[in-house]
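Have a look at the structure below, then the notes.
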């Protein structure tokens with residue numbers, strides 16, 4: 001097998017070729033032609049690796065401090081909790097207890113929703129730092145530098161957003177509605193600060209939740225064409241998607257060593273941007289190319305067929321024997337017979353997780369089918385955010401997570417950059433809305449695993465395969481495409497690889513094998 005550096009350099013050389021799909025043929029505008037191999041250059045003000053935007057992480061640092069204080073002050077409780085009063089949430093996470101009235105006195109003091117009428121709409125009454133102290137946060141403990149950098153308007157917005165989340169968690173929808181009206185007047189997704197943009201999108205998602213609760217509906221409507229286009233833009237301007245693609249490809253390549261007939265199941269293939277790089281390596285490997293069969297799963301048969309056509313044409317140019325099988329269903333909603341497994345094939349299952357929509361269906365059914373399939377390798381890339389637990393759990397975790405992502409985009413892209421807005425609006429907001437307005441056990445009827453890698457580790461049928469040195473080398477080369485001043489960091493974990501920003505882990509890649517695999 002060729003070394004990791006040779007593999008990744010060859011794959012990177014192919015990027016201009018394999019990522020230039022024919023978007024207009026299926027209604028996808030080509031988002032950034034001629035920008036597929038390199039992110040936009042840093043601003044001229046960046047002189048060296050130490051000369052960075054001083055305000056790049058003000059929001060995420062402040063949010064992290066607030067939420068940690070909030071979590072630390074939460075008492076242990078065995079009380080049954082409700083996700084917005086619809087039905088009990090039985091899934092608990094380490095974020096803290098589920099929402100019930102018992103946490104309000106200890107965490108928020110006098111800021112319980114029934115006492116929030118003291119604030120008026122005319123702006124004469126404003127938040128002071130005493131409000132933050134009531135939220136369980138000691139003003140003296142806040143990093144003074146961060147406090148000075150984050151403007152008072154941003155602090156007021158975040159504080160009001162936290163109060164609104166508490167109101168929703170205790171089913172005080174009237175008070176939540178009043179605060180949301182105030183937030184939507186104060187914050188814009190086009191605002192100059194990350195704090196204002198984050199609050200605008202969170203307020204919109206929380207308003208959807210309140211409306212859904214009143215109307216009794218919570219069905220998402222997803223424009224997959226705009227999502228896929230924004231996904232491609234995100235791939236161009238940050239290392240996160242490339243990290244997921246190349247680390248997973250390396251694990252699959254190693255599992256396919258000296259295998260002549262191989263089969264990849266992609267649980268949410270979208271446009272298939274990941275696979276041509278692997279095709280290129282398989283077609284040129286020393287032991288000769290295998291026969292490759294791919295099952296692509298997704299929500300739109302039209303998109304799946306076009307993706308299959310693009311992949312087939314690419315494989316044909318490489319001289320790679322290839323078959324594509326589209327399935328427009330969720331993995332957890334099918335049985336093994338639909339996957340048309342063949343004797344003698346080496347099976348790989350790939351899952352790049354996201355929060356845009358529920359791509360796989362019930363987690364317990366997904367796990368059961370994985371056990372039945374007994375794949376030689378499962379490549380898993382997870383967001384470091386939980387979909388389980390109560391509304392307040394999900395709010396706290398997602399606020400910290402997306403504040404960091406918004407900060408990472410805002411550090412080197414101006415507020416009026418169209419690509420930045422497309423990623424924030426078409427991807428990040430959709431994820432926030434799905435987590436807060438649509439997700440949750442009471443709404444979906446299903447508990448979601450906090451971390452899939454933890455579930456696979458507990459499962460007797462799977463064992464973790466440590467990410468290899470070649471995977472680490474590929475991830476590092478991807479990171480080297482971005483100057484160190486951008487703040488991205490790669491952290492090897494317990495057999496995993498984690499990619500984050502300014503010390504916050506955002507994506508984790510891991511690899512697994514079934515004990516029953518052949």
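A Cβ is built for glycine as well, from the same backbone N, Cα and C atoms used for every other residue.
Look at TrEMBL and you will find 75-99 tagged as region 'Disordered'.
Looking only at the region 'VHIID' (231-296), the predicted model's pLDDT averages out at 95. The annotation region 'VHIID' is assigned in TrEMBL to 231-296.
The annotation region 'Leucine repeat II (LRII)' is assigned in TrEMBL to 306-338.
For 437-513, the entry in TrEMBL reads region 'SAW'. Residue counts for the region 'SAW' (437-513) by DSSP state, with H, G and I taken as helix and E and B as strand, are 28 helix, 23 strand, 26 coil.
Annotated motif 'VHIID' per TrEMBL: 262-266, in sequence order.
Residues 18, 21-22, 25-26, 265, 267, 269-272, 275-276, 279-280, 282-284, 289-300, 358-363, 365-366, 369, 372-373 of the same chain, all 6+ positions outside the region 'Leucine repeat II (LRII)' (306-338), place their C-beta atoms under 8 angstroms from a C-beta of that stretch. Here the region 'Leucine repeat II (LRII)' (306-338) is broken down by DSSP into helix, strand and coil counts: 19 helix, 6 strand, 8 coil.
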